[in-house]
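If you check TrEMBL, you get these features:
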- Ser102: active site, nucleophile (ACT_SITE)
- 61-381: domain 'Tryptophan synthase beta chain-like PALP' (DOMAIN)
- Lys75: N6-(pyridoxal phosphate)lysine (MOD_RES)
Amino acid sequence: MRLQKLPQNSAVKICSISHQIKILNSNGGRLNLNGNISFRNFTQPCLNEVKKNQSFPSFYVVRDDLLHPLVNGNKARKLDALLPLLEDNAVTDVVTCGGCQSAHTAAVAVSCAERGLKSHLVLRGEEPDIPTGYNLVSKLYGNVVYVPRSIYAKREEMLATHAESVIGCDGSIIWLNDLMEASLKNHAQGQYRNFLKSDPLESPEKSRKVVIVNEGAGDAVALLGMIRLIKHLSESHLFGKNEALKIVVDAGTGTTAVGLALGVSSLGLPWEVNAVMLADKIDGYKKKEQNLISEFLNSTASAFGKAPIREKNDGIVQWVERRVPRKFGNILKGEVEECRRIAQQTGILVDPIYTLAAWNLAADLSENGEERTKVVMLHTGGTLGMFGLAQRYRSYFRNPEDGVEI
C-alpha cells in the first residue's frame, strides 16, 4: 500500500475572493431587522473602479470563509504566519485553548494534523452530549480535554500546566511569542536554522518540543498573517493603494483588527479599520491593541527595526459598538432568521455571534458613508459554529411561518 505524501507548505491559499453586495429596497438611514431590506450578490465585481453613480449602496465581502473547508477566515490568516515558524523550529506539539465551539482550536487541530504535528486542546466547560460543529472537528483532529470555567479563567497557568503534562521526561516548552522573538533574533544575527522535517514514523522517540499558543491565537506573531493579507488586498488588480477604503471586521480577541490596522499603517494606505466589539468594552480592546503593538514591535525590532506605525491619539483601530450590544455569545430573536435571509439572497452564510455584526456595520457604513469610499467586510469564517448554536438556541432555528425546524 502506497501512502501519498502531502505537501508541507500548503498553509493558506493566499489569494482572496471578493464579492460585491448591493443593498436593495433601501430608504436610507439605519438598517432594521424587519425584513424589508434585501441584498444581491455580484460575484465578479470590478474592485479597482472608483465608487460612483451607483443606483444602490453596496459593500464588498472578502470571502476568506472559502479558503479551506475547515480552516478559514481570520483563523487561517493567523496560522499563515504561525505555522511556518513552528515548522522551521522543529516543533512537535502545540497546546492551545478555546471555548467548546472554538473555531481557533479546530483550525489548529486540522493544520497540525496536516503537517504531522500533535495538537492538545483545552476546551472550556463540560463535554457536550452530542459533539458537533467545531467541537466535533477538534475531537476528530486533536487531543481534547475539558476543564471547568474556574480553571479556564486562569488561562496562562492552565496552558502551562497542560503543556507540562505533554512534554514527557526530556521535552521542552516555549510560548509562541518567545519563539518568534528568538527566531527573529537568530535571523538578524545570521544564525539561520535549517531543521529537517523529521518523520515521526522514523523517529518515534524524538523528544518533544511544545509550543503554547494563546486563546484565539492572540499572539503578536499572528499579526504578520493579517499584514500579509492587507498587502495582498492592496495589489493593483484588487483594491489598489490609492482609493479610500473602510475595512469592517468582527472583533473577538481583537487580534485580527489590530493586525489589519498595522498593515494599513505600515504600508501607508488611505484605509481605515472598523472593528465591531463583541467580547469586551472599548477600554479592554484599546488595552489589547496597545499590548499587541508593543509586543510586535519589541519582537521584530531586532530583525527589522521599528516599523513606521502612524498611530493616532485614539489608536489605529476604530472600535465600534455592536448595533445591539449584549453579553458575548448571546444571540437575539430574529438574528438567526436574518442570517437565513442573507444566505438565501446572496449565497453567503454569516453567523449571529460574529460575522452578522460585521455585515450589519458594513451595510450601515455603505448606506451612510462617503460616496467615493468603498466599504469592505472581511468574512472571518467560523460558520460551523452554527451547528452548536442550533443545539443551544433550538427555538430560534424554527421556521417562524409554520413552526417547524429549519
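Every residue gets a Cβ built from N, Cα and C, even glycine.
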For Ser102 (active site, nucleophile), the number of other Cβ atoms found within 10 Å of its own Cβ: 28
Nonlocal neighbours by CB distance (under 8 Å) for Lys75 (N6-(pyridoxal phosphate)lysine), same chain, sequence gap 6 or more: Ala103, His104, Ala107, Ala217, Thr380, Gly381, Gly382
For the residue listed as 'active site, nucleophile', the three-state class that DSSP assigns: coil
